[in-house]
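The structure under discussion appears below in the form of structure tokens.
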Amino acid sequence: MNLKMTNFYMKKGLLSWLHFKSISYFAFLISLVTIYNFIYSKEVIYLLLTIVLLIYFFYTQEKYRKAFIAFWIISALILLLIYLYWNSNTFQQDQVIEEQGRVIKCKTNYIIVKIKNSKFYVQATQNNYVVGMKIKITGNVSEINSTANYYQFDFKDYLMKDYVRYQLKVSNVEQLNNFNIRVVFYKLFKLDNAHALINILFLNKQDSSDLLISNLNNLGLKFLINFNLINILLFFKYIEKMTGKKVSIFLIIILFTWNYLTCWPMIMTRILFKQILNSFEKLKDKKELKNLIVMIWLILLFPNFISSSGFWYINLIILFSSLMNKRVNKIWGFIYFYILLNVLNAYFTYQLNITSSFYAILLSPILSVYYLITPIFYFIDKNLLNNLYDVLLLIISIFNSFSLIRNVGSFNILFLILGFIMSVTLATNLVTIKIKIFWAILFLLTWGLLWLLKPSEYLSMLNVGNGNSFVYHNKWNNITIIFDAGVGKQRSSNLVSDFLKYEGINKIDIVFISHTHEDHYNNLFSLKENFKIKQIILNNDFTNSIKIKNVIINVFINPNANSENNKSLVLIVDVGDVRSVFMGDAEKETENHLMNRIDFLYILNLKKVNILQIGHHGSKTSSSVEFINLINPDIALISGENEGGNKKFPHQETINTLKRLKINYYITNGNNNFFVMFKNLKVVKK
């Protein structure tokens with residue numbers, strides 16, 4: 001009888017949760033997200049998810065069903081029309097165009113130009129353009145290329161989801177007569193060349209290379225730049241409370257003007273829409289409905305908002321807030337939000353940012369003061385803005401120096417779902433202590449299981465173009481060794497750091513730089529900035545052998561070499577029964593030198609070689625038949641791609657040598673990352 005009663009109350013509790021407006025409205029919102037993804041990708045799974053979400057919504061939503069159906073259909077049709085509009089024109093590769101266009105997005109080093117019904121990405125190193133500006137532009141059309149790996153931000157994907165399908169290589173740009181309020185305003189106050197502090201705080205122009213923005217990004221607090229404008233809202237609310245007079249219309253006008261001049265930043269646009277809805281008496285007490293309407297407006301205005309992590313942060317936090325116990329004290333409320341934010345950060349950024357929430361509390365009032373005093377300093381003496389900037393940078397840099405951030409690596413969607421459910425059950429008063437404990441334990445066990453399922457020991461050859469970056473990692477012994485840290489042309493200076501972050505690696509034992517060519521070390525600065533590195537070994541460091549736990553590394557160099565390539569470190573790396581040989585860019589001259597060294601031959605003959613990094617990206621100047629036959633590896637790894645001209649790697653001669661000796665070889669070729677699993681020497685392509 002007790003068991004039956006328990007099941008009855010559990011089912012009743014679940015049904016009551018399913019009927020919560022906030023959850024029901026969230027499902028309605030996500031159904032628009034999934035139908036948009038179906039329109040964009042044509043993948044049937046999104047259509048099926050849309051149907052399921054709508055069935056759930058209309059099952060739980062008893063009032064205004066017809067109104068919601070009409071609202072959903074209209075919204076979906078608008079999303080479809082937006083898609084059709086931006087995809088209605090087609091341009092050919094290398095097509096030359098001379099057209100009038102309008103600047104619709106302006107960033108630090110590029111602009112997006114609307115020509116007819118198409119958006120074009122245009123590089124702009126000296127960017128003095130303003131959104132709304134009319135231009136006459138001449139150039140060659142090309143497709144947007146991407147060199148991003150799965151563990152990196154994909155700029156091409158970001159542009160494509162904003163319907164930017166083409167790049168324009170410009171030969172001439174001419175500004176036309178512009179009668180546009182924003183353009184006139186920027187020209188009048190010379191804001192197209194404004195001080196960095198004005199750009200950051202007021203104009204929604206945030207250069208990722210700027211030290212202040214970079215430090216805020218590292219702290220996970222970039223959102224504070226726009227978020228602190230909410231203090232304006234609080235100020236107006238205070239006036240309204242003190243005077244008893246409505247100031248909402250005045251506030252809406254200010255918000256609209258600010259949004260227009262700053263090109264509609266997401267957070268402030270959301271606040272504007274919310275304030276407009278607040279002016280309607282009928283919606284006064286319908287918080288969940290207002291949030292839903294605002295989010296749908298944002299999706300219709302900025303469809304690519306759907307694919308950003310910011311969309312999920314905002315909506316999951318709103319949903320969490322609606323389900324949290326309203327009577328909980330501030331300390332416990334902060335703890336619950338702290339848990340949720342770290343779950344979101346772990347999933348979306350692959351990090352636990354332990355100090356971020358505390359620094360947000362400390363920085364928020366400082367930034368609020370900056371919003372007040374910066375305009376005053378601007379009109380008194382613009383040179384004083386440099387001092388203001390330096391002080392703020394110093395404060396944020398100090399916070400950054402003492403921040404506690406731990407990389408946890410990537411996890412699948414199950415981690416996010418269970419983490420969110422756990423956060424809600426901890427924060428709500430609608431479940432028992434036993435249920436809270438159950439979900440907390442389930443989440444932690446799942447987290448642990450997902451970590452256990454990750455490869456325990458591997459060597460990765462990263463897709464870096466014509467460069468060299470190899471990473472050995474053993475999660476049980478917590479060993480990470482990097483063999484070269486360089487990338488080729490048009491590759492990110494943070495590529496290796498991004499990979500380590502994605503893998504959940506926090507410290508590096510040794511970095512070997514085989515020689516001083518840029519494509520073998522140009523990611524080293526980023527690694528120094530983001531990771532604790534115990535030791536860096538260059539080719540002028542005279543070291544014979546190194547041992548780290550069960551890893552033994554024998555180091556060889558050609559002391560008589562004339563070229564930098566032939567001065568490359570050559571490493572024989574033994575990890576248990578697995579032996580690897582790394583050649584850097586060593587050519588046949590160094591190969592001949594090694595074949596005549598007794599110490600090299602002695603160590604080489606002690607154990608079978610399993611993995612060989614082919615020298616100099618597979619160039620014909622390396623990998624002689626005699627040397628490859630001497631090494632006789634099971635697996636050959638080649639980091640290179642065909643760039644054209646004299647940068648065609650690997651050379652066919654090298655491939656023929658490997659085929660002739662029946663050696664399995666793997667080439668990154670500008671597309672692939674390869675993992676050699678040490679457990680069974682299985683090679684996995686990602």
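Note that Cβ sites are derived from N, Cα and C of the backbone, with glycine treated the same way.
What you are looking at is a predicted structure, and each value in this text was computed from that prediction instead of being measured.
As recorded in TrEMBL, the features of this protein are as follows:
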- 464-538: domain 'Metallo-beta-lactamase' (DOMAIN)
- 20-38: transmembrane segment (TRANSMEM)
- 44-60: transmembrane segment (TRANSMEM)
- 67-86: transmembrane segment (TRANSMEM)
- 219-236: transmembrane segment (TRANSMEM)
- 248-273: transmembrane segment (TRANSMEM)
- 293-319: transmembrane segment (TRANSMEM)
- 331-350: transmembrane segment (TRANSMEM)
- 356-380: transmembrane segment (TRANSMEM)
- 387-405: transmembrane segment (TRANSMEM)
- 411-430: transmembrane segment (TRANSMEM)
- 437-453: transmembrane segment (TRANSMEM)
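For the transmembrane segment (331-350), the list of distant contacts is 220, 309, 312-313, 316-317, 320, 324, 356-357, 407-411, 415-416, 419-420, 422-423, 426-427, 501-502, 504: same-chain residues at least six beyond its ends, Cβ to Cβ under 8 Å. Break the domain 'Metallo-beta-lactamase' (464-538) down by DSSP state and the numbers are 19 helix, 25 strand, 31 coil. Among 20-38, 44-60, 293-319, 387-405, 411-430, 293-319 has the largest number of CB pairs under 8 A with the transmembrane segment (248-273). Regional average pLDDT for the domain 'Metallo-beta-lactamase' (464-538) in the model is 97. By the Cβ criterion (under 8 Å, sequence separation of 6 or more), the transmembrane segment (20-38) is not in contact with the transmembrane segment (387-405), since fewer than 3 such pairs are found. Sequence-distant contacts of the transmembrane segment (67-86) (same chain, six or more residues past either end, CB-CB distance under 8 Å): 28, 31-32, 35-36, 39-40, 54, 57-58, 61, 117-119, 163, 165, 296, 299-300, 303.
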